[in-house]
Amino acid sequence: MKQEIHPEYHQATARCACGNEFTVGSTKESIKVEICSQCHPFFTGKQKLVDTAGRIERFRRKYAKFEQQKSGK
């Protein structure tokens, strides 16, 4: 086996987009994460609603002109 080929493993600071910081073991010195247990809906008990109705309406308006052209031919 080759000697000393393993990366250096040390304590790293993980920073969430919400501002929370916590320490984990990693080969990197710092880690940026988008979501953590302090802001994730499963852990906080708060549900975030996604505006799917608005997206569907925007899609229908965008492609309505194609349907009109198709039925006009």
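Backbone N, Cα and C atoms are what each Cβ position is placed from, and that goes for glycine too.
Over in Swiss-Prot, the protein carries these features:
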- C16, C18, C36, C39: Zn(2+) binding site (BINDING)
Neighbour count, 10 Å Cβ-Cβ cut-off, for C36 (Zn(2+) binding site): what number do you get?
17
Which residues does C39 (Zn(2+) binding site) neighbour through Cβ under 8 Å, counting only same-chain ones at least six apart?
C16, A17, C18, N20
Which entry in the list of binding-site residues, C16, C18, has its Cβ near the fewest other Cβ atoms, using 10 Å as the limit?
C18
What other residues of this chain sit with their CB within 8 A of the center of the CB atoms of C16, C18, C36, C39, the recorded Zn(2+) site?
A17, G19, N20, V33, E34, I35, S37, Q38, H40
